[in-house]
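Enquirer: According to TrEMBL, the feature active site, nucleophile maps to Ser236. Sequence annotations record features per position, and here TrEMBL assigns active site, charge relay system to Asp259, His314.
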Amino acid sequence: SDPLSLPRLGRGSMGGMLALPQGKGPHHVGCTDVMVGHTRQGLLFRLFYPCVSRAGATEPLWIPRSEYCAGLADCTLRLRWCSALLGIAIGSCRVPVSWNGPFKPRSSGYPLIIFSHGLGAFRTLYSSVCTELASWGFVVAALEHRDHSAATTYFCTAEAGREEWIPFQRVPEGQKEFYFRNKQVHQRAEECVRALRLFKDITSGKSVLNILHQDLDLSVLKGNIDLTKVAIMGHSFGGVTAVLALVKEPTFRCAVALDAWMFPLENVLYPEVPKPVLFINTEKFQTPESVAKMKRLSSRNSQTKIITVLGTVHESQTDFAFLRGKLISRVFGTSGTLDPNKGLAITSQAALAFLQRHLNLEAQFDQWDDLLEGVGDSVVPEAPFCRPNL
């Protein structure tokens, strides 16, 4: 019952290129990868941030290395042999941001979002929403979790040049899925908290070594992040991770949960969630049990909101929504009826309105407040099961 187990390969054309949109906000967006520490207790994330525009900037690869194609083929399709085909189809796709672009300073500091990926995903598969948020003036750290829920991930050991890979792991035979996933969600939430602590270190002026040796020096972030304005966000397994992170770390002021998979969270924790959550659901993924858990939170906190975007499927909130080509979209199950650009706009505008409200931002994101009540084109209040027949 993996929430991201996707359909098998079907017949069709291989024209599967990615057309990720540029951010619509006022800022150009830069991007870099950060790895800290030489053990699996360290961190790996892709950082999106407002940057200074420059001519001839390089755009990063969407799939950072071929190992990730193999991981996707293995955990998503259960067909490791097609990783080469996948590499041909999507291996050259790029993200429309400036790789290691010069950071754009801001004396008041940018608000910070830690982003948690879904099951079988990794740090780059939400580049569209991370880019959009960064273009509106956020620093966004898209984590790559090391709980065996990523398609694959790795760390660099202290021994020069040696990498250790952490493969995707299915629920072991004979083990109850809840216990396996619950342990993972706690590890994931702790990784989110560690990421936040890392930003506290950087902003306090501590020297933090990025062992991937990018051209962006992390010390440029000092004085440019407002640690009183921090949110947590995630998709699917990452959505429930965001909810749990609110329990573990009081610095997170609110959470945005995209199509949250609520199953792995233990019941005793629901009364402990102290802060508001925005649940943005797709039309086709949720179960009545998952929705009931969201409603437990909204009944305790009037600021917690649940909305549903019509014409969307679970993968509509990932970059896979922007893949072109029949075969590729069939493989990744991305055939929602809503235009992906419109879906991204609704998701990001609702998130921005919610973040303005709960991070006390001085911006004009309240122009989208109606979305938080489920008012607007292609959006409805509550979850799919709670809607009266329209």
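Heads up, the Cβ atoms here are built off N, Cα and C, so glycines get one too.
Note: TrEMBL annotation is automatic and uncurated.
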Enquirer: Around His314 (active site, charge relay system), how many other C-beta atoms are within 10 angstroms of its C-beta?
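Expert: Other Cβ atoms within 10 Å of His314 (active site, charge relay system): 25.
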Enquirer: Including all protein chains shown, what's the count of other C-beta atoms within 10 A of the C-beta of Asp259 (active site, charge relay system)?
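Expert: By my count, 30.
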Enquirer: In angstrom units, rounded to an integer, how far apart are the Cα atoms of Asp259 (active site, charge relay system) and His314 (active site, charge relay system)?
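Expert: Cα of Asp259 (active site, charge relay system) to Cα of His314 (active site, charge relay system) measures 7 Å after rounding.
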Enquirer: How far is it from His314 (active site, charge relay system) to the residue listed as 'active site, nucleophile', counting Cα to Cα, in Å?
Expert: 8
